């Protein structure tokens, strides 16, 4: 039998402190996430310095719990994977410094992981048969990427957002209609009581980048609509605004994926990232795949939002490809997808 | 007893391995490179030079703060990660106290000044007492005016040191009414050997914590928290 490769993975790029143990890139033995969402809700969004402070206070407990849940010890770990970008630099640095110190003192190889690659790799956890190549849409609070996954660790970016990430637009719109943070789940919840066709918000098309996205115009259109209502003393229907905004985002995402499926003749499609846990968006994409005869994949919500299991999966494929980082590994807040 | 000591509270990165009666190695770098890139390679260098088995370390002394928030966390995470992997305890050493330990022995007051930005300084006042250093004013974050006023009231000769000296030099020259001097460059900034020496004393007093319990001591809230507290206060006043 092939020897097991056991990865301890650490993730601290935003507001979740997470650690996981993953075997052979597909078998998640533990997945510990300490979320700071309640703290940041007080501020209406993630405060970088507060996120960093919480990471340093919790990181050892989270790692120890991940080892314990996996019924293993640091001695039995083959390599340590850690997110080194993109993300909040102060937050990333906690995980990177911790992972380097662990790897150094325990004499383990260190593998730096790209956060978005982690999100894409989350699809491998529950879909054991999924292998590249496939088309993948990554949508989260910080990222919106349409990517061709050519092989493990090999990506071709077809398009990305020119301004706000989809999740960012959800947060901003949620705040403007008084739903608060985090916007994604809150908008989805109230949207069920609203009419998605009530308000015709714009669906942005980028002239010189067919697969690029832009959500800042949509966000402004929502804000303008709200201001207009206020001026005219028209009562705002929160559920209709939420549903109509969400519908506009969904249409743009579906439209881009439809074109990419047609142009690149991909037979597998996966979604990833926090926004992928939005039921309306997921179902619309599932419908599209059904119509096109394309296999549809998505991670469970727990693997959509930030977690370390996905980092462990990505680290495994990097590790078996021979990637190793040394003690000078640094956090790179604007790390590009596919960069090494 | 052997200690590994780390200080990354300021621009300087410093690491040391100190035994009961001697400094085995000390490596201090004052460069643009981030602590994230320098700290562990520096530790690795002295460990190799000393042919040290990390298991031989009894505890890790960390300069706990105040200082640069990010710098402190890089040092902390390094200490916590190593502590976790090696099963070693951490001794948290107040950064300003450790700076005072650079200047020894002297009959003067010792006043470390760290640049805390926003016209403030991380500082404290220390004085030799028998074979020890006594804390006259515990480390704190105050305006330079406040600490200078207290120095003038105490009326004793004082030695200033730290990266804040260059920031506040003119103010000191104009406003300090007691005899004063500035520490020489060799002992002006953070040194991990001082962190280790004070750490050794704290360990003997039983003041250690586990790697998971350790966290930096910023002496300052984040900006968002300060603003929020201010809002809450304003709201109460209204």
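Quick reminder: no glycine exception, Cβ is built from N, Cα and C everywhere.
Among A:164, A:171, A:208, A:262, only A:171 appears in TrEMBL as part of the substrate site alongside A:138, A:139, A:140, A:141, A:142, A:184, A:188, A:278. Just one of A:306, A:325, A:326 is listed by TrEMBL for the same Fe cation site as A:115, A:119, and that one is A:306. Looking only at the binding-site residues A:115, A:119, A:306, the one with its C-alpha closest to residue A:138 (substrate binding site) is A:119. Residues A:11, A:13, A:14, A:83, A:87, A:116, A:118, A:140, A:143, A:273, A:307, A:310, A:311 surround the recorded Fe cation site, their Cβ atoms falling within 8 Å of the Cβ centroid of A:115, A:119, A:306, which are themselves excluded. Close to residue A:119 (Fe cation binding site), meaning Cα to Cα within 10 A, are the following binding-site residues out of A:140, A:142, A:278: A:140. Under 8 Å, Cβ to Cβ, and six or more positions away along its own chain, residue A:142 (substrate binding site) finds A:14, A:86, A:87, A:165, A:167, A:168. For the pair formed by residue A:306 (Fe cation binding site) and residue A:140 (substrate binding site), distance between Cα atoms is given as 9 Å, rounded to the nearest Å. Residue A:115 (Fe cation binding site) has A:140 as its nearest neighbour among the binding-site residues A:140, A:184, A:278, going by CA to CA distance. Most Cβ neighbours within 10 Å, among the binding-site residues A:119, A:278, A:306: A:119 holds that distinction in the structure as shown.
Of all the binding-site residues listed here (A:138, A:140), it is A:140 whose C-beta has the fewest other C-beta atoms within 10 angstroms.
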